[in-house]
Amino acid sequence: MGPFMSPFNNLLCMLLGISFTVWFTLLLVFIIVPAIFGLSFGIRGLYMKTLLKVFKWATVRMERGAKEKNHLLYKPYSLNGIIAKEPTSLEEELKEIRRNGSSRDLDEFEMSDTFYFCRRGIESIVDDEVTKRFTAEELESWNLLTRSNYNFQHISTRLTVLWGLGVVIRYGFLLPLRLTLAITGVSLLVVFTTMIGFLPNGRVKHFLSEKVHLMCYRICVRALTAIITYHHSENKPKNGGICVANHTSPIDVIILASDGCYAMVGQIHGGLMGLIQKSMVKACPHIWFERSEVKDRHLVAKRLSDHVKDKSKLPILIFPEGTCINNTSVMMFKKGSFEIASTVYPVAIKYDPRFGDAFWNSSKFGMVNYLLRMMSSWAIVCSVWYLPPMSRQEGEDAVQFANRVKAAIARQGGLVDLLWDGGLKRGKVKDTFKEEQQKLYSKILVGTSVSSWDPAVHL
Amino acid sequence: MGSRASSLLREEDIEEIKKETGFSHSQITRLYSRFHSLDKGENGALSREDFQRIPELAINPLGDRIINAFFPEGEDQANFRGFMRTLAHFRPVEDNEKNKDLTSGEPLNSRTNKLLFAFRLYDLDRDDKISRDELLQVLRMMVGVNISDEQLGSIADRTIQEADTNGDMCISFSEFIKVLEKVDVEQKMSIRFLH
């Protein structure tokens with residue numbers, strides 16, 4: 001290193017110093033300060049509109065390319081379905097076969113009885129309601145992300161250039177920006193909640209804890225470039241209630257908690273997550289369980305009930321599906337949270353998949369990988385609907401109540417309401433369902449000499 | 001990374017499958033997408049576990065036999081050609097009029113071939129006869145534990161008695177066809193594939 005290098009070194013250092021200062025000032029003014037006060041400059045809205053225009057242009061180009069080659073543009077099967085299913089039941093079908101075939105009664109075996117099961121089986125192989133809920137939703141048209149390019153062909157040079165530009169913007173500019181914000185948000189959360197933990201319990205502590213939580217979650221929202229629209233805020237969950245929502249990803253928590261204060265429920269993790277959990281609980285009471293306690297349903301129910309009875313405590317946030325589903329449907333709600341005697345505030349969350357897929361496919365991606373993918377998408381756009389509060393009615397049991405709430409959420413979010421258990425993502429289906437089908441067929445075959453099956457035992 | 005499903009399927013393959021099965025180009029690409037999504041091991045072939053992961057199939061009383069139909073004799077893996085060939089049995093018969101460039105010989109979705117598919121559901125040992133035992137097995141699968149052995153036995157005996165014309169106490173394929181001659185097989189064993 002001779003004297004030749006020194007002036008350049010100095011210049012370089014100065015330039016770096018200046019750019020960092022400018023960078024941080026911009027960050028502070030445009031992002032962090034509005035986050036603290038809950039204001040918005042409208043930059044994200046503008047960004048979203050621009051993106052939509054770009055996507056539309058891209059689709060037009062691809063359609064033009066397809067027309068030139070005389071092909072049909074690929075449409076994903078999840079949109080229109082590969083097959084049109086016959087909605088007939090077993091009984092109807094068997095009656096029909098017998099009417100046209102021999103002149104026999106319904107209650108005698110025919111070799112063609114297998115046809116119904118056969119056809120249903122093949123239909124489910126071609127298209128079933130469950131397995132497609134555990135992978136990312138397929139898009140109607142390409143959104144210039146490599147990860148959502150399954151079958152989109154006819155990508156011209158111009159589109160490739162646009163895609164390349166997108167890569168540069170997302171990984172070179174947006175990702176570092178978002179990472180900085182995320183780190184800021186999380187560190188502020190940990191530091192401030194620990195500090196607040198030293199205050200004596202009372203109104204001041206409660207007030208400060210609320211403000212700190214909201215501020216940090218808002219910074220995290222900006223760290224994901226999440227553009228959220230809240231509907232019907234008059235129905236926001238109140239103290240002593242339970243808030244239930246459909247579950248698509250861990251980000252659901254950030255989205256809901258940046259608009260209101262909740263008591264979280266969950267298992268204590270190790271590492272960074274555990275640190276955040278421990279410091280959060282110092283500022284206000286969240287419900288964290290040890291791994292061993294999670295299995296004990298009575299303990300869980302007791303702690304939740306105790307929390308709910310105390311009207312000064314924040315509403316509990318629970319995701320009754322128990323696992324992440326891909327936001328095209330709502331799967332079975334576990335009845336545990338509906339057995340607790342309190343008002344339930346349903347919330348429906350629907351993501352717009354065009355800007356970035358929020359679904360966490362935990363069998364494919366770990367948490368870190370998932371967060372990186374989130375932060376390198378265009379944006380996370382979603383709508384949140386606060387539904388009017390519901391309570392268990394006379395003569396309704398927990399399962400029926402859970403299904404009623406689930407139906408309301410599905411209707412509002414435009415999602416398919418399924419009875420299947422989200423646990424089927426990893427586990428096998430229970431044999432009782434097969435046994436029900438067998439009972440039904442047996443009943444048709446030999447009439448009422450078979451004990452009738454109880455329709456309430458459906459789940 | 002990502003499921004670039006159709007890029008693994010070549011144009012020549014699509015053309016061959018089209019000729020053999022009668023499916024259209026877009027139907028084949030869509031079904032390939034489905035095949036790919038079921039293939040969790042990503043090795044280009046489906047195993048029995050891949051099928052059993054479908055809950056609606058797992059609760060079907062005849063689920064195991066249907067899965068069997070996709071696996072040729074003694075093999076554990078079903079490739080895409082085999083998958084399509086088996087599904088082709090369920091194409092509606094009317095679709096054949098629209099698709100004239102099929103190979104000569106009977107199309108896979110003819111009435112006879114549909115009946116053969118159903119016959120093979122019973123005939124596990126592939127000896128071209130449904131024995132009393134084989135019939136009982138299928139009956140047991142469909143009724144579970146709800147009917148006694150004696151009752152099931154008499155149902156099986158009656159069925160064989162009515163179908164068996166050559167007195168060998170088994171149901172051959174031609175006897176099977178005769179019993180079902182009045183049944184609308186074309187409609188009951190077809191699935192409406194969208195284009």
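Backbone N, Cα and C atoms are what each Cβ position is placed from, and that goes for glycine too.
These figures come from a predicted structure and were not determined experimentally.
Straight from TrEMBL, the features:
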TRANSMEM  A:20-43  transmembrane segment
TRANSMEM  A:179-199  transmembrane segment
DOMAIN    A:241-352  domain 'Phospholipid/glycerol acyltransferase'
Task: Residues from the same chain, set at least six apart from the ends of the transmembrane segment (A:179-199), whose C-beta lies under 8 A from its own - done: 27, 31-32, 205, 208-209, 212-213, 215-217, 219-220, 222-224, 272, 275-276, 279-280, 282-283, 371, 375
Open item on the list: At a C-beta cut-off of under 8 Å, are there same-chain residues at least 6 beyond the transmembrane segment (A:20-43) that contact it? List them, or none.
Closed with: 177, 180-181, 184, 214-215, 218-219, 221-222
TODO: Over the span of the domain 'Phospholipid/glycerol acyltransferase' (A:241-352), count residues by DSSP class, listing helix, strand and coil in order.
DONE: 41 helix, 26 strand, 45 coil
Open item on the list: Restricting to the domain 'Phospholipid/glycerol acyltransferase' (A:241-352), what is the model's mean pLDDT?
Closed with: 87
